[in-house]
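If you check TrEMBL, you get these features:
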| type | residues | note |
| --- | --- | --- |
| TRANSMEM | 129-150 | transmembrane segment |
| TRANSMEM | 179-198 | transmembrane segment |
| TRANSMEM | 219-237 | transmembrane segment |
| TRANSMEM | 243-273 | transmembrane segment |
| TRANSMEM | 280-302 | transmembrane segment |
| TRANSMEM | 308-331 | transmembrane segment |
| TRANSMEM | 370-390 | transmembrane segment |
| TRANSMEM | 410-430 | transmembrane segment |
| TRANSMEM | 437-455 | transmembrane segment |
| TRANSMEM | 475-500 | transmembrane segment |
| TRANSMEM | 520-538 | transmembrane segment |
Amino acid sequence: MMKRNVDDDEEEDEEEYEKCIEMQELSLEEKCENISEIAEKAIMESKKRQQSLSSINLDGSNQNLIKLPYLSGNGTALRTMNEAESSPVGSLGKTREERIANLECKPLRIQNKTRRPFSEIYAVDRCKVVCFFLMTLGICSALPYNLLVITDTYFEDFLDTHVNATAFQMMAIKTFRPYLLITSKIPVVFIVCFNTYYTNGCCTGLGRTVSLRRLITMIVLMIIASLLLLVFSLVIVQEWMYIFAWLSLVFVIFLNVTGAVFQNSLFGIAFTLPRIYSNAVLIGMSTCGCLCFTVNTILLAFDTPFRYLVLSVFIILILTFLTSLLICYIMKNIHFFDYHIQKVVTPNWTSEISFSIPPRVCRLKFHKKVWLTGFNLCLIHLTTSSSYPTVGRQVHRVNFPFPDKYWTLVFFYLMVNVFSLIGNILGQYLKLMRHRFVWLALLSRSLVFIPYFIFCNYKPEGYGTRTLPVYLENDYMFVLGAILMAFSSGYYTSVCVMYAQYNTNREDCYLSGMLTNTMIYCGMFGGSIISLFFPFLTNDGKSP
C-alpha cells in the first residue's frame with residue numbers, strides 16, 4: 001500500500017510538471033486572450049459592487065486583489081494579481097515581484113465616481129469648534145424672544161408708574177404683554193414660511209443655496225434694531241407714553257422677525273452637518289434662556305433700577321450679536337464646515353436623476369416624509385407656549401418660602417429653561433421609544449399640561465374675580481409641573497429634530513432644517529393664541 005501511494009504521488013508530480021511545461025509553451029498572445037476575459041469579468045464585478053479599485057488593504061490581505069486587473073505596457077489586460085501569484089514558479093519567476101516584473105504590469109485605472117474624496121479624510125471638527133460656534137449662534141437666535149420675556153416687568157411697571165391709571169387703563173396695562181406676544185408672532189410666522197419656501201430655481205427650495213450671507217444680514221439688522229430700541233426705552237416722557245408703547249411694539253416685532261429669520265436659516269445650515277450639530281443649536285437656545293434669567297435674577301437681587309436693568313440687557317444683547325457676527329466670518333474658513341456645505345451645494349453624480357422629477361412631485365415626496373415630525377414639533381411647542389410665559393407668570397405664590405420677586409423669575413422662567421436644557425442634552429443620548437409612537441406621548445402631554453396651570457393659583461390681572469375653583473393650591477405642585485413640562489419639551493424637541501435630519505436626503509437637508517424650525521414657530525403661535533382664552537375660562541371678565 002505504501003509503495004502504491006508513492007507511485008501515485010510520482011504520477012501526480014509528473015502530470016503537474018507536464019502542465020507547467022504546457023503553460024510555458026503557450027504563446028504570450030494566447031495568455032493575453034485568456035487573461036483579458038478574466039479582466040473584463042473583474043471589471044464588471046467591480047462596477048456592480050460600486051467599490052473603489054484602489055481600496056487595497058494595507059495589512060497585506062489579498063481579499064480585494066481578485067478585482068484588480070493588470071495591463072501590459074501597451075494597455076492590454078494580462079492577468080489578475082491572484083493569478084500571477086498562483087501561476088507556476090518556473091513560468092514567470094520565483095517571487096511575486098519577479099512575476100509582476102516579467103509581465104510588465106501596471107494597475108488598471110478606471111474612473112469611479114463613488115470614490116471617497118481625499119478631503120473627507122481631513123474633514124474633522126477638531127476640539128468641536130464648529131459645535132461650539134453653532135451653540136453660540138443658537139444663543140444669539142433666542143435672544144430676541146428672551147428679551148421680550150425679560151422686559152415684560154419693565155413695560156408693565158414703567159407704564160403703571162407714569163400713568164394715572166383708571167380702570168380701563170389698568171386693564172390695558174395688564175393685558176399689554178399677551179397682545180405684545182401675539183403681534184410679535186404673527187409676522188414671524190409669515191416671514192419664516194416665506195424664508196422656508198422661497199425658491200431659487202431648485203426643485204426643493206433652498207436646498208442647494210446654503211450660505212452664511214443671510215445670517216450676517218440678520219445679525220446686522222438685529223444690532224440696528226437693538227440700538228434703536230435701547231434709545232426709546234431710556235426716554236421717559238409722560239406725554240409720550242402711548243407713542244412710546246407703540247414704537248417699542250414696532251421695534252420689538254422687527255427684532256423678533258429678524259431673529260426668527262436668523263434662527264430659521266441657522267437650522268437649515270445645522271442640518272447640513274451631522275446630527276449632533278442640530279441639537280447643539282437647541283442646546284444654545286435653552287442656554288440663552290438660562291443665562292438671560294440668571295443675569296436678570298442677579299440684577300434683581302441688588303435692587304437694580306429698571307433703567308439700568310434695561311441698559312445692561314441691551315448691552316449684553318449687542319455684544320452677543322457682535323460675537324455671532326465674528327463667528328460667521330470665522331466659520332467660512334473652517335474646512336469641516338465648508339466640506340459639509342459643499343456636499344449640499346454641489347450635486348454629486350448620483351443625484352442627477354432627481355432633476356428630471358417635476359418640482360411639485362419633489363415637494364410632495366419631501367412633505368410626505370417629514371409631516372409626522374413636523375406635527376410632533378408643532379404639538380410640543382403649542383403645549384409649552386400655552387403656559388410659558390403668559391400663564392405661568394400669573395400664578396401667584398401661596399406659602400412658598402421665597403419672596404414674591406423671585407417666585408416667577410426663578411421658579412418658573414429660570415426653572416423652565418434649565419430643565420429644557422437638561423432635556424436637550426439627554427435627548428441626544430437617550431431613546432425611550434420609536435419615533436412612530438412619539439405622537440402618542442406628545443398628545444398625552446398636551447392633554448395634561450395645557451389645563452394643568454390654570455388649575456393652580458392662576459389669577460390673571462384685569463379680568464375680574466376668579467370663578468373656577470383652585471384644585472392645585474400647593475406651590476410645589478406648580479413647580480413640579482413646570483419642571484416636567486420643560487424637561488419633556490426639551491427632550492422630545494431634540495429627539496424629533498434629530499430624527500427629521502436622519503430621515504432627510506442630503507439634497508433636501510437645508511429645506512428640512514428650515515421647515516422644522518417653521519413648525520416650531522407655528523406651535524408657539526398656536527400656544528399663544530390658546531393662552532388668550534384662559535382668563536375668560538377662569539375669571540368672570542368684569543373690570544375691577
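Residue numbers in this text run from 1 along the chain shown.
Here the Cβ of each residue, glycine as well, is placed from N, Cα and C on the backbone.
TrEMBL entries are annotated by machine, without manual review.
A contact links the transmembrane segment (520-538) to the transmembrane segment (370-390), because at least 3 Cβ pairs that are 6 or more residues apart lie under 8 A. The stretch from 129-150, 308-331, 370-390, 437-455 with the most CB pairs below 8 A to the transmembrane segment (243-273) is 129-150.
Nonlocal intrachain contacts for the transmembrane segment (437-455), taken as residues 6+ away from its ends with a CB within less than 8 angstroms of a stretch CB, comprise 372, 375-376, 379-380, 382-384, 386-387, 391-392, 395, 468, 470-472, 478, 481, 484-485, 488, 492, 495-496, 530, 534, 537-538. Two recorded stretches are said to be in contact when at least 3 C-beta pairs lie under 8 angstroms, sequence spacing 6 or more; the transmembrane segment (280-302) and the transmembrane segment (370-390) fall short of this definition. Packing against the transmembrane segment (475-500) from elsewhere in the chain are residues 271, 275, 278-279, 282, 286, 370, 373-374, 376-377, 380-381, 383-384, 387-388, 392, 395, 397-400, 411-412, 415-424, 426-428, 430-431, 435, 438, 441-442, 445, 449, 452-453, 456-457, 512-513, 516, 520: each is 6 or more residues past its ends and has a CB under 8 Å from a CB in it.
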